[in-house]
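Visitor: Quick one: the structure is below, and I'll ask about it shortly.
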Amino acid sequence: MDEVTRTAQRSPSITETHAGETKLAGPGEKEGDVESPVDPSADSEQNRQQITGLQLFAILASVTLSAFLMLLDGSIIGVAIPNITSQFHSIDDIGWYTAAYQLASAALQPLSGKIYSSFSTKWTYLFFFGLFELGSLICGVANSSSMLIGGRAVAGLGSSGLLNGGMTIIAGAVPLEKRPVYTGIYLGISQLGIVCGPLIGGALTEYTTWRWCFYINLPVGAVTAILLLFLQVPELTEKPRFTFALVRRVIPELDLIGFTLFAPAAIMVLLALYYGGNDFPWDSSQVIGLFCGAGVTIIVFALWERRVGDRAMIPPSMVSHRIVYTSAINGAALVASILVAAQYLPIYFQGVRGYGPAMSGVNTLPGILSQLLTVILSGVLVQKVGYYLPFAAAGSAISAVGNGIVTLFSPTTPTAKWIGYQIVLGSGRGIGMQMGIIAIQNLLPPEKISVGIAFMIFCQNFAGAIFVVVGEVIFTQQLVKQIQAHAPSVKVDAALAAGASSSSLRALVPPGSPELQGVLLAFSNSVDRVFYLLMSLSLAGFVAAFGMGWVDTRKKNKSETE
């Protein structure tokens, strides 16, 4: 008996389709409910109106631009922080400008999937986008640090439903066999927001004001919102029209008890990571208490989710399926490595190599462009060959190699090498970026796709938040050791407080001092050590890829058109 059949027999919420792959049952289905060899999602796939031509382009452009703005907003603030803290005299609030955004986004992420599965996709998306735009406006007009933090929290709440909402819209607008291509375009272009943030933010801060780092979302966002208002957005499944009676009926199904347990647990974990080693020692009662509180709350949450079953915010039958959790691990490892690298490559190019913020952004283009090209190309190839697992494994393997060779960066690495190394790294990321999404879309019935995507994006963002902190710990600890070894006359506290710009590093030693090379080597080696972490993450994603299922998506596509 093969692996797929054994899995289907073990899980009462999984049915086997005639295409040969396991598929999670829809609401109310039990094992054995599928009496004929017909995929229950086939009818909805056949009956759903497919969008083509200019309307499809407009929908894809709208959600891609919205996701780009959302990811840009998460990375653009870094270069604006020095000016913000100077105006508000709020150096102690630096961590909260990022933390408020991530905490709010992480807390609402899983619930957003349940909301999409219950209400109109179009209006739910516009609701989350409106929250994001409102948060951007509050940040732009903020007259105090507290107001700015509040605006970041509102924007974070809005961002929780944008990336998964965009993929839900794409899933409803195009047939399954074309989703890899369109999802690749969507992810490839929107992910540019992560790496373009410092470049765009640096230009806006330098030539206008830091407030335009937030104002930029308003006019661009207005265009995308107006487009969506006048476009017909197909649904994955039929949904009733919005009424207050519908709200009263749906609210009990949203698992708000699960949300009230999950949100504090996620917030406590992230707060412990932000406080640990910064405001409080890692072994302090505050940090330990937060971790313990999070652990207890997660246990209670897991017990509650198990009790409510498929009505849960994160259905246990879904997340316990091998394809779902291995896809989540693979995707989380990839996205975490992207987010961490986006922080430390600029340190290498600005601090070690001496480039300004704008040229530092230009120097990362080899990785950005190769990632954009391969994420689209991999989607086309999956559509042709049908199997996503080889691309998931290859993407993680190439990413591991790319992160490994980046550890060879030094203050004197030739231009040809740092360009080539980034091309290898970007290619690996691009190849594997959308494979987890394809696996989940292929596995889940239409009514569960939004929940599955929301769960996966939560795992990616949560892993990113965790490993950004881990990367910071590694970098800081290594910098202390490296400064003592290569520039002993430089005070460690001064090096840690200097920042990572070209001028600040070179100000640590007198002009013409021979120890300047030691300072640059110390920072370069510290960045290299962070990429050892990213290499390990990529290897973890490589191992997880082999659990994502050897499934030919073309068989399902064929069955849905017969």
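Note: Cβ is positioned from N, Cα and C throughout, glycine not excepted.
It should be emphasised that the depicted structure is a prediction, and the values quoted were computed from it without experimental measurement.
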Visitor: Can you dig through Swiss-Prot and tell me which residue of ASN83, ASN143 is labelled N-linked glycosylation site?
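Guide: Matching ASN83, ASN143 against Swiss-Prot annotations yields ASN83.
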Visitor: Most CB pairs under 8 Å with the transmembrane segment (154-174): which of 94-113, 256-276, 329-349, 418-438, 451-471?
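Guide: Against the transmembrane segment (154-174), the leading stretch is 94-113.
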Visitor: Does the transmembrane segment (256-276) reach the transmembrane segment (451-471), going by 3 or more CB pairs under 8 Å (6 or more apart in sequence)?
Guide: yes
Visitor: Pairs 6 or more apart in sequence, C-beta under 8 angstroms, 3 or more of them: is that satisfied by the transmembrane segment (123-143) and the transmembrane segment (57-77)?
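Guide: When sequence-distant Cβ pairs are counted, the transmembrane segment (57-77) touches the transmembrane segment (123-143), since at least 3 lie under 8 Å.
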Visitor: Taking 3+ C-beta pairs under 8 angstroms (sequence gap of 6 or more) as contact, is the transmembrane segment (418-438) in contact with the transmembrane segment (284-304)?
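Guide: Output no: the transmembrane segment (418-438) is apart from the transmembrane segment (284-304).
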Visitor: Any same-chain residues 6+ apart from ASN83 (N-linked glycosylation site) with CB under 8 Å of its CB? Would you list them in sequence order, or say none?
Guide: THR205, THR209, TRP210
Visitor: So which of 57-77, 329-349, 389-409, 451-471, 530-550 is most in touch with the transmembrane segment (184-204), counting Cβ pairs under 8 Å?
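Guide: Most contacts with the transmembrane segment (184-204): 57-77.
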Visitor: Considering only Cβ pairs under 8 Å, which range in 94-113, 284-304, 329-349, 451-471, 530-550 makes the most contacts with the transmembrane segment (389-409)?
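Guide: By Cβ pairs under 8 Å, 530-550 leads among 94-113, 284-304, 329-349, 451-471, 530-550.
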Visitor: Does the chain bring the transmembrane segment (94-113) near the transmembrane segment (451-471), so that three or more CB pairs sit under 8 Å (pairs 6 or more apart in sequence)?
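Guide: Stretch pair touches.
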